Amino acid sequence: MWKEKGNAIGNWLLAITAIFGFITLIWIPQASAECQTRSIYCYECDSWTDARCKDPFNYTALPRDQPPLMTCNGCCVKMVRHQRSREVVRRMCTSQLQINLFMVDHVCMMESSGNGHMCFCEEDMCNSSKDLYSHGHQLHLIITIAVAVSWLMGQLLNR
């Protein structure tokens, strides 16, 4: 009896997880494509000259006490560089960069020296975040964990 219930629960969890996984795989690339086709707002600042640009970003500050926003036809960018004992943060739009890369949303690239990184995102004011992971990627991680747990439960209940 327990084995039959275990199989039913494991199969049910696996089916639900597969459905969410499929939806997520369709949803995330569509969100990434939006970065290239619509205008978004990005913070534009440099912590070297504007203390409001530093991490952690003050989300509770009034708009006038936050760094300026700019309209962006691309992705928002956050660059972090460690110079001597100081962390320098720069927030901007990809249209200001002189690079020709295929832009992939919610990706961070480490500097070859290991002294900094550059992250890209495609939601309004997303470059204010300390880590530029979107809810979609958090959802994808949760789904991956759920698949692993449901498989493990199925294995344990089938013994």
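Heads up, the Cβ atoms here are built off N, Cα and C, so glycines get one too.
Since this is a predicted model, take the numbers as computed values, not measurements.
Marked as signal peptide by Swiss-Prot: 1-33. Per Swiss-Prot, the feature disulfide bond maps to C42-C76, C45-C53, C72-C93, C108-C119, C121-C126. According to Swiss-Prot, the feature region 'Loop 1' maps to 55-68, an assignment based on similarity to another entry. Per Swiss-Prot, the feature N-linked glycosylation site maps to N58; the stated evidence is similarity to another entry. Summarising the annotation, Swiss-Prot assigns region 'Loop 2' to 78-91 and lists similarity to another entry as the type of evidence. Marked as GPI-anchor amidated asparagine by Swiss-Prot: N127. Positions annotated as transmembrane segment by Swiss-Prot, on the basis of sequence analysis: 137-157.
With DSSP states grouped into helix (H, G, I), strand (E, B) and coil, the region 'Loop 1' (55-68) comes out at 3 helix, 0 strand, 11 coil. The recorded positions under consideration are N58, N127. Their Cβ neighbour counts within 10 Å are lowest for N58. The two recorded residues C93 (disulfide bond) and C76 (disulfide bond) have their Cα atoms spaced 5 Å from each other. The two recorded residues, C53 (disulfide bond) and N127 (GPI-anchor amidated asparagine), have Cα atoms 10 Å apart.
In the predicted structure, the region 'Loop 2' (78-91) carries a mean pLDDT of 91. C119 (disulfide bond) is 8 Å away from C76 (disulfide bond) when you measure Cα to Cα.
By neighbour count, meaning other C-beta atoms within 10 Å, the densest spot among the disulfide-bonded residues C42, C126 is C42.
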